[in-house]
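Participant: So Swiss-Prot says this about it:
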DOMAIN    1-143  domain 'PPPDE'
ACT_SITE  H29  active site
ACT_SITE  C105  active site
REGION    146-201  region 'Disordered'
COMPBIAS  152-167  compositional bias 'Acidic residues'
COMPBIAS  191-201  compositional bias 'Polar residues'
Amino acid sequence: MKVYINVYDLMPDSPVNKLAWTLGLGIYHTGLVLEGKEYAFGAHEIPGSTGVFATMPRPPLEGCRWRCSIALPNCTLPKPDVDRILIRLSQEFTGLSYSLLERNCNHFTNAAAIELTGSPIPSFLNRISRIGLAFPTITNALLQHGQKNTSDVDDSSDSSSDVDEETLIVSKSKKAHKDIPKFSAPPPSADLNNLITDSLP
């Protein structure tokens, strides 16, 4: 079976974005394509439910644009084994377990790629999360600055409720850096209409 990754750019098209792409420092969403379906991972607030969903390849995604496709080695596993792997991964990657820095769509794509092809995704696709974890104080300062600028533009949001928000620097990172303030942001959403269950769509 042919396997490839669709890469989507989360940064607006600009000279800075072009430089980030050249340096491998962009912010990307990825999905793994297998047998005409694209499998990806996103966040939602349904307890015990997967965040893995399947769509047609290159679906329209709000806030990002398709950048390229990257071929992986072929998957030589029998179809029942492929289905079992995808179902198991969908149980491990729940919507509530999503973390922008420690468990994002690229982590799922990498796990699926390794299990199905024996090959990881290119490291630049998730480099920004590794940088964010290595420098959590700087990451939070930058993100809080961005959040402040966003709230200056739209002050209609109710800051007292963070039910739909998610902490960017999670507890494991905070243990090493206790002075990091909490910063919350809405995580990317899973396609709730196409979640993987005990059988593949």
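Heads up, the Cβ atoms here are built off N, Cα and C, so glycines get one too.
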Participant: Let's check the environment of H29 (active site): how many other CB atoms sit within 10 Å of its CB?
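Facilitator: H29 (active site): 24 neighbouring Cβ atoms within 10 Å.
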Participant: Can you give me the Cα-Cα distance between C105 (active site) and H29 (active site) in Å, rounded to a whole number?
Facilitator: 6
Participant: Taking the Cβ of C105 (active site) as the centre, how many other Cβ atoms fall within a 10 Å radius?
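Facilitator: Within a 10 Å radius of the Cβ of C105 (active site) lie 27 other Cβ atoms.
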